[in-house]
Amino acid sequence: MKALSKLKAEEGIWMTDVPLPALGHNDIMIKIRKAAICGTDVHIYNWDTWSQKTIPVPMVVGHEYVGEVVAVGQEVRGFRIGDRVSGEGHITCGHCRNCRAGRTHLCRNTIGVGVNRQGAFAEYLVIPAFNAFKIPDNIPDALAAIFDPFGNAVHTALSFDLVGEDVLVSGAGPIGIMAAAVCRHVGARHVVITDVNDYRLDLARKMGVTRAVNVSRESLPEVMQALGMSEGFDVGLEMSGAPPAFHTMLDTMNHGGKIAMLGIPPGDMAIDWNQVIFKGLLIKGIYGREMFETWYKMAALIQSGLDLTPIITHQYAIDDFQKGFDVMRSGHSGKVILNWS
């Protein structure tokens with residue numbers, strides 16, 4: 001079958017032919033319809049330090065997708081041929097303390113689809129049936145293909161009560177923008193998003209944020225004053241991994257504020273712990289999606305009217321995959337989808 005693979009330990013990604021994946025007793029086989037390019041895939045393309053330490057070569061990459069079930073293992077229940085599915089990209093062990101307690105998103109033995117095992121940039125993907133999620137009929141393929149990153153956004157945004165609260169989102173990448181849209185949809189008062197990329201700040205405005213602030217030109221405290229915010233943000237969602245953004249978040253949080261952190265800093269990050277202590281801040285680390293509560297929330301949010309379509313800015317046929325990676329690497333895109341069918 002055709003697949004996009006990391007064939008060499010250098011910059012790039014290549015179309016190749018690989019064997020059809022084997023189907024286990026508890027697995028399903030999915031014929032991929034659409035797959036989206038994740039920031040992780042760009043890291044792998046660039047062959048940065050993280051990728052060099054993490055990705056075995058060769059590796060079929062990709063983990064954001066939607067497709068149709070074409071085969072089921074003999075022990076599988078609840079799925080049948082023809083079902084339209086996406087899937088959780090973190091395959092968990094089922095045996096550690098967190099897995100046995102139902103907190104599978106905290107499994108210490110997680111294996112990543114398209115990172116540690118064959119991924120979704122291929123004609124067919126095999127995953128454990130446990131990891132598959134049926135897509136409701138009224139959710140289109142393009143939105144289903146971005147459920148994985150949407151899940152990061154939902155998990156982060158819904159970590160704390162948002163109703164009537166003022167929220168700061170640092171980082172206007174696609175996940176940050178989707179998180180901001182979730183905050184607005186569920187009843188936050190002011191949702192302010194910060195970045196230095198004007199293209200993505202414009203995209204955030206299309207998604208309905210209260211203010212999109214280019215912090216290289218605008219003062220966040222002045223924006224807060226213009227909005228009538230005299231005490232600071234109640235909730236912070238750190239999506240950038242940029243130390244200056246996190247420092248600004250700490251500066252502008254209200255006493256008793258709550259921060260959810262999804263962005264990954266490039267290395268050790270020093271912060272002013274006095275702010276955390278004397279403001280009584282709560283900081284929560286976020287990884288992946290809660291299995292599978294986040295997935296049900298994702299579907300329900302879209303079915304209740306949350307419109308994510310503006311975040312999908314580019315779609316390409318799979319043979320034009322290089323164009324997709326080029327636009328992702330440029331920073332002038334939202335989500336980029338590759339069409340396999």
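Easy rule for this one: first residue shown is 1, then count along the chain.
Quick reminder: no glycine exception, Cβ is built from N, Cα and C everywhere.
Annotated in Swiss-Prot:
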{"type": "ACT_SITE", "residues": "THR40", "note": "active site, charge relay system"}
{"type": "ACT_SITE", "residues": "HIS43", "note": "active site, charge relay system"}
{"type": "BINDING", "residues": "CYS38, HIS63, GLU64", "note": "Zn(2+) 1 binding site"}
{"type": "BINDING", "residues": "CYS93, CYS96, CYS99, CYS107", "note": "Zn(2+) 2 binding site"}
{"type": "BINDING", "residues": "ILE175, ASP195, ARG200, LEU262, GLY263, ILE264, ILE286, TYR287", "note": "NAD(+) binding site"}
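Feature map: annotations from Swiss-Prot on the structure.
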residue : record                : Cβ neighbours (10 Å)
CYS38   : Zn(2+) 1 binding site : 24
HIS63   : Zn(2+) 1 binding site : 24
GLU64   : Zn(2+) 1 binding site : 30
CYS93   : Zn(2+) 2 binding site : 14
CYS96   : Zn(2+) 2 binding site : 16
ILE175  : NAD(+) binding site   : 28
LEU262  : NAD(+) binding site   : 24
GLY263  : NAD(+) binding site   : 20
ILE264  : NAD(+) binding site   : 12
TYR287  : NAD(+) binding site   : 14
Collapsed DSSP category at ARG200 (NAD(+) binding site): helix
Around the Cβ of CYS99 (Zn(2+) 2 binding site), the count of other Cβ atoms that are within 10 Å: 19
Largest tally of Cβ atoms lying within 10 Å of a Cβ, found at which of the recorded positions HIS43, ARG200: ARG200
HIS43 (active site, charge relay system): secondary structure state under DSSP, collapsed to three categories: helix
Cα distance (Å, whole number) from TYR287 (NAD(+) binding site) to CYS99 (Zn(2+) 2 binding site): 15
Set of same-chain residues at least 6 away whose C-beta sits under 8 angstroms from ILE286 (NAD(+) binding site): ASN152, HIS155, THR156, SER159, ALA260, MET261, LEU262
Mapped DSSP class for GLU64 (Zn(2+) 1 binding site), helix or strand or coil: strand
Mapped DSSP class for CYS96 (Zn(2+) 2 binding site), helix or strand or coil: coil
Candidate with the highest Cβ count within 10 Å, taken from the recorded positions THR40, CYS107, ASP195: ASP195
Spatial separation of CYS93 (Zn(2+) 2 binding site) from ASP195 (NAD(+) binding site) - C-alpha basis, Å: 37
